[in-house]
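As annotated by TrEMBL, region 'Disordered' applies to 1-24, 37-84. Taken from TrEMBL, the feature compositional bias 'Basic and acidic residues' covers 15-24. The feature compositional bias 'Low complexity' is assigned by TrEMBL to 37-50. According to TrEMBL, the Mn(2+) 1 binding site annotation covers His154, Asp195, Asp199, Asp286. Under the heading Mn(2+) 2 binding site, TrEMBL lists Asp195, His197, Asp286, Asp288.
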Amino acid sequence: MTSSHSTAPALHDQWSGRHDGDGADHARWHEVVRLAADPSPSDSQAPSAPGTDASSPTDFGRHIGMLGFRSDEGVRRNAGRTGAADGPRVLRAALSGMALHGPLGDGSVAIVDHGDEVTHGEDLEDGQARQADATGRALSADGNTLTVVLGGGHETAWPSYGGLQQALDAGALRPDGADAGAAGDRPRWGVLNLDAHFDLRRADAPSSGTPFLQIAEAERAQGRDLNYAVVGIAEASNTKVLFDTARDLDVEWMTDEECASVGRDGIADFIESFAEQLDVLYLTIDLDVLPAHTAPGVSAPAAFGVEFALILHAVQVAARTGKLRLLDVVELNPTLDIDGRTAKAAARLITDAASIAAGEAAGE
């Protein structure tokens, strides 16, 4: 069976919700989001962000960029349950009513939605190529402080990597104060995956289970090692071959049981130690890292999982490193969700990451 998904409403119509009053004191996502093709806020009652020139649609000042990848062909290829292609639409709906505070609420850091790329039928590779270009453009935009990608299956990680490499090659993600003309100072980057699975499968075709092996091999072809860490690994969901591959690639990981044992401080130490060696951090959140009672709406619900409070803390710690530049949230399958639990959990994770990143950008 080929992957399938519904036709999404127009982007502007995906951002809607209650309006309690004018100004920053009442700000919610749907009231402050700007569409890349239309730099005005999606709700005319919203606070307007300074420095946005309506005559220049690419000039948003300091901003959080956002885009979606409507794809679950990788999940189908990985023998999973399709439906994640509708994730971006449902994530926007879950985000819409969430309150915003600080720089995102008062508009001093804008939120810019660049829309979606789509995998058509079984042509995952074409969809990933277009998504990589879109991600690279968002990351490289003047004033971008964080790019948030709404998946989609975990095949989203491959174009997230592709877009990140485009931005790194263009010199768009140099640390503050770095000399753009200096040789040999390409920022050192790494990926932190909150996930029950390594996603290091070797297969005949790319899928939602292969992205980090693809990334490791692409880095190796450039003479570089992949800096890869995973929080939440379920031993029962990863074969010996996958653990052996992880060891061969020097992957760092914590299991779901270890997370429960060491708690907030142990998880924070793990993330901070990993991020310390990096200039740029890419955070990818596979929602199946959460317990099934929190995240039923995924292809592979977790029997054990890592409790939401610990995953939220992990996201907050990653954002507070000041190095987080790319975040994707993947594997939301709305057809399997119950009362929007998974979507709401994801929206809270995104809101906290974006709010902290905006505060870092604003010097708070």
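Numbering starts at 1 and runs along the chain as displayed.
Using N, Cα and C of the backbone, Cβ positions are placed for all residues, glycine too.
All TrEMBL annotations are machine predictions without curation.
The 10 Å shell around the Cβ of His154 (Mn(2+) 1 binding site) contains 33 further Cβ atoms across the protein chains shown. In the three-state DSSP reading, Asp286 (Mn(2+) 1 binding site) counts as strand. Neighbouring residues of the recorded Mn(2+) 2 site, listed in sequence order and excluding Asp195, His197, Asp286, Asp288, comprise His154, Asn193, Leu194, Ala196, Asp199, Gly232, Leu287, Val289, Ala300, Glu331 (Cβ within 8 Å of the Cβ centroid). In this structure the C-alpha atoms belonging to Asp195 (Mn(2+) 1 binding site) and Asp288 (Mn(2+) 2 binding site) are separated by 6 Å. Separating the Cα atoms of Asp199 (Mn(2+) 1 binding site) and Asp288 (Mn(2+) 2 binding site) is a whole-number distance of 12 Å. Calculated from their C-alpha atoms, the gap between His154 (Mn(2+) 1 binding site) and Asp288 (Mn(2+) 2 binding site) amounts to 11 Å.
The local packing around Asp286 (Mn(2+) 1 binding site), expressed as other Cβ atoms within 10 Å of its Cβ over all shown chains, amounts to 30.
A gap of 9 Å separates the Cα atoms of His197 (Mn(2+) 2 binding site) and Asp286 (Mn(2+) 1 binding site). Listed in chain order, the extra residues whose Cβ falls within 8 Å of the Cβ center of the Mn(2+) 1 site residues His154, Asp195, Asp199, Asp286 are Ala157, Asn193, Ala196, His197, Ser208, Pro211, Phe212, Thr284, Asp288, Val289, Val330, Glu331.
Sorting each residue of the compositional bias 'Basic and acidic residues' (15-24) by its DSSP state yields 1 helix, 0 strand, 9 coil. Other C-beta atoms found within 10 angstroms of the C-beta of Asp288 (Mn(2+) 2 binding site) number 29, with every protein chain shown included.
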